[in-house]
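J.: Before I ask anything, let me first share the structure, which is written out below as structure tokens.
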Amino acid sequence: MYIVTAQQMRDLDQHTIQQLGIPALCLMESAGKAIAEEVIQWSNSAKLEQADIPFGSSLSHVGQIRSDKNLTVHDQKQHWLILVGKGNNGGDGLVAARYLQDAGIKVTLLYAQDPAEMIGDAAIQRDATRQSGIDVAIWNKDWEKESNWHSYTGIVDALLGTGSKGEPRAPYDAMITAANRSGKPIIAADIPSGLHADTGEVAKTCIQASVTVSLAFLKRGLVQYPGAGVAGDVVVRQIGIPRFTAQTLGVDTHLVTKEVLEHVLEVDPERARAVDGHKGTYGHVLIVGGSMNMSGAGLLASRAALRIGSGLVTWALPQALLPHIAGHVPELMLAPAVEGVDGKWERSSTDAILPLAEKCDVLAVGPGLGRFEQDGEWLQTLWEKTDQPLVLDADGLNMIAEADGLSSWQSRSADTVLTPHPGEMARLAGISTPEVQRDRIGIARDFAIKHGITLVLKGARTVIASADGRVYVNTTGHPGMATGGSGDALTGIIAGLLAQGLSGIQAATFGVHLHGHAGEVAANQRTGNPASLLAGDLIESL
Ligand SMILES: NC(=O)C1=CN([C@@H]2O[C@H](COP(=O)(O)OP(=O)(O)OC[C@H]3O[C@@H](n4cnc5c(N)ncnc54)[C@H](O)[C@@H]3O)[C@@H](O)[C@H]2O)[C@H](O)CC1
Ligand SMILES: [K+]
């Protein structure tokens with residue numbers, strides 16, 4: 001499923017109008033109709049138990065005459081309030097009003113501004129509703145009184161769409177506040193008014209929708225928090241802009257779905273192992289990490305790499321951990337790489353790691369590693385002297401951030417996957433965490449392109465960006481996965497998928513999807529409550 005920016009949406013719109021010859025008014029008509037259908041579907045499912053069975057329907061098996069089922073409402077005693085802005089988003093609301101009226105729903109239009117100020121297609125729709133005899137009001141101070149809102153079944157928010165800039169100004173701000181305060185269900189046209197369509201930032205006054213009908217394509221702001229939190233359920237509805245136009249215009253951001261995994265990323269989610277495969281077929285992962293206080297991180301990453309199907313996993317760890325770890329995971333091979341009793345890493349340990357790496361197919365560096373003297377140079381040696389795919393997490397990322405970013409390091413020919421959480425991303429990009437969160441897709445994409453790596457920006461709706469500019473947004477997982485060791489498990493999963501021959505972007509995207517899904521399965525089947533989920537449960541659910 002494609003995800004677009006407001007500018008891309010305008011380009012797609014223009015392409016359809018100019019190159020395909022579909023008039024803009026047709027697109028607006030389809031948009032408004034789709035919104036009306038979603039209002040009706042919402043009210044029918046909410047009122048299902050009260051629905052009347054049409055008289056005689058159970059008897060007439062042949063020759064039925066049926067109306068457009070999407071535009072048939074069960075409960076005709078409804079009254080919806082449509083909030084109409086002065087642009088094309090308002091125009092969509094006006095079209096929806098006509099279809100709702102036709103379906104037998106009473107509607108009232110509440111214009112934000114004098115309707116005489118409308119221009120273009122929105123003005124055409126204004127005139128059409130005038131002739132339909134739909135009730136009309138223009139926002140004024142009286143509307144702020146709460147009593148005005150009680151009689152409505154629900155509200156359609158057609159105030160501001162992708163043409164919105166900055167904080168909603170008067171009177172839009174007051175209308176949004178009053179609509180939210182009414183407690184009525186709100187169905188948003190295209191995006192909730194007050195949401196930044198590209199970044200998911202939410203203005204001080206922003207519609208809190210029950211359902212958002214995203215027109216033509218998903219907007220970036222609807223899939224990133226906090227925007228995803230005000231959008232409610234999101235329904236993407238076709239309005240006559242063919243899907244292929246997105247490919248024609250080079251849209252390269254997708255929501256991770258089964259279809260995207262299979263057909264865009266060419267990953268087989270149900271891949272079977274070859275009947276004649278042996279452990280060498282499925283790759284050898286080398287995990288580099290673990291220290292005295294964080295031995296579990298290395299263990300979790302190793303277990304996840306095994307569970308995801310790696311043929312072999314070796315964990316390079318400080319000698320001092322060995323007596324505590326030996327036997328915990330019998331399937332795992334242990335390779336002491338630093339001496340000393342404190343379990344800390346040292347610059348010289350590359351002497352032990354590099355020969356180990358030569359026998360392995362993939363490296364995963366960082367889980368539980370800790371910091372040590374000259375660790376930047378240590379990491380640079382591993383970065384430049386190994387030619388296997390590399391996954392880098394946790395302190396490994398902090399080392400890069402301090403070592404002046406990646407600019408002075410040689411670019412690696414093998415796939416390299418960085419898996420920062422927002423704080424680590426901020427340090428890598430030299431900006432603040434709120435700045436990262438304000439535009440997760442944009443920041444991840446720019447960083448991946450600039451440094452020629454695959455980037456996994458973790459958090460709710462993890463963003464996966466590839467060096468060629470493609471971006472995937474994940475939807476699996478839940479807040480219970482914000483728990484110690486969850487990131488170490490992800491590192492192991494991605495490394496294990498790389499070892500089985502997936503590319504950096506394939507392993508990262510599929511790995512993030514599986515990690516989230518395993519978290520869901522574990523919460524459902526093992527702990528019953530997301531909050532009780534442990535990273536170890538997730539690994540067992542892989
Ligand atoms: N995607 C498509 O191809 C189609 C989209 N449709 C709908 O059109 C809107 C976008 O319409 P547009 O006219 O460009 O912008 P808006 O309606 O979102 O609003 C513009 C309007 O509002 C004023 N304005 C801008 N920012 C603010 C603010 N912060 N406060 C107050 N007022 C503001 C601005 O001056 C304009 O007058 C899209 O979302 C879809 O809903 C088509 O109907 C179908 C094709
Ligand atoms: K809207």
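Every residue gets a Cβ built from N, Cα and C, even glycine.
For 9-247, the entry in TrEMBL reads domain 'YjeF N-terminal'. TrEMBL lists 88-92, 161-167, Tyr172, Asp190, Ala297, Gly368, His421, Asp488 with the feature (6S)-NADPHX binding site. Annotation comment: TrEMBL describes Asn89, Asp157, Ser193 as K(+) binding site. Taken from TrEMBL, the feature domain 'YjeF C-terminal' covers 262-542. The AMP binding site annotation in TrEMBL covers Lys458, Gly459, Ala460, Arg461, Thr462, Gly487.
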J.: Going by Cα-Cα distance, pick out whichever of the binding-site residues Ser193, Gly459, Ala460, Gly487 is nearest to Gly368 ((6S)-NADPHX binding site).
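T.: For Gly368 ((6S)-NADPHX binding site), the spatially nearest of the binding-site residues is Gly487.
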J.: Cα-Cα, whole number of Å: Thr162 ((6S)-NADPHX binding site) versus Gly487 (AMP binding site)?
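T.: Given the Cα positions, Thr162 ((6S)-NADPHX binding site) is 35 Å from Gly487 (AMP binding site).
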J.: Fewest neighbouring Cβ atoms within 10 Å: which of the binding-site residues Gly91, Gly459, Gly487?
T.: Gly459
J.: Using Cβ-Cβ distances, find the residues under 8 Å from Asn88 ((6S)-NADPHX binding site) that belong to the same chain and are at least 6 apart in sequence, listing them in sequence order.
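T.: Listed in sequence order: Met28, Gly120, Asp121, Ala122, Gly161, Gly163.
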J.: By a 10 A CB contact count over all chains shown, which of the binding-site residues listed here is most packed: Lys165, Tyr172, Ser193, Ala460?
T.: Ser193
J.: For the binding-site residues Asn89, Thr162, work out the Cβ neighbour count at 10 Å and name the residue with the minimum.
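T.: It is Thr162 that, of the binding-site residues Asn89, Thr162, has the fewest other Cβ atoms within 10 Å.
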J.: So of all those binding-site residues, Asn89, Asp157, Lys165, which one's Cα sits nearest to Thr462 (AMP binding site)?
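T.: Of all the candidates listed, Lys165 is nearest in space.
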J.: Where ligand 2 binds, which of the binding-site residues Asn88, Asn89, Asp157, Ser193, Gly368, Thr462 are close by, with Cβ under 6 Å?
T.: Asn89, Asp157, Ser193
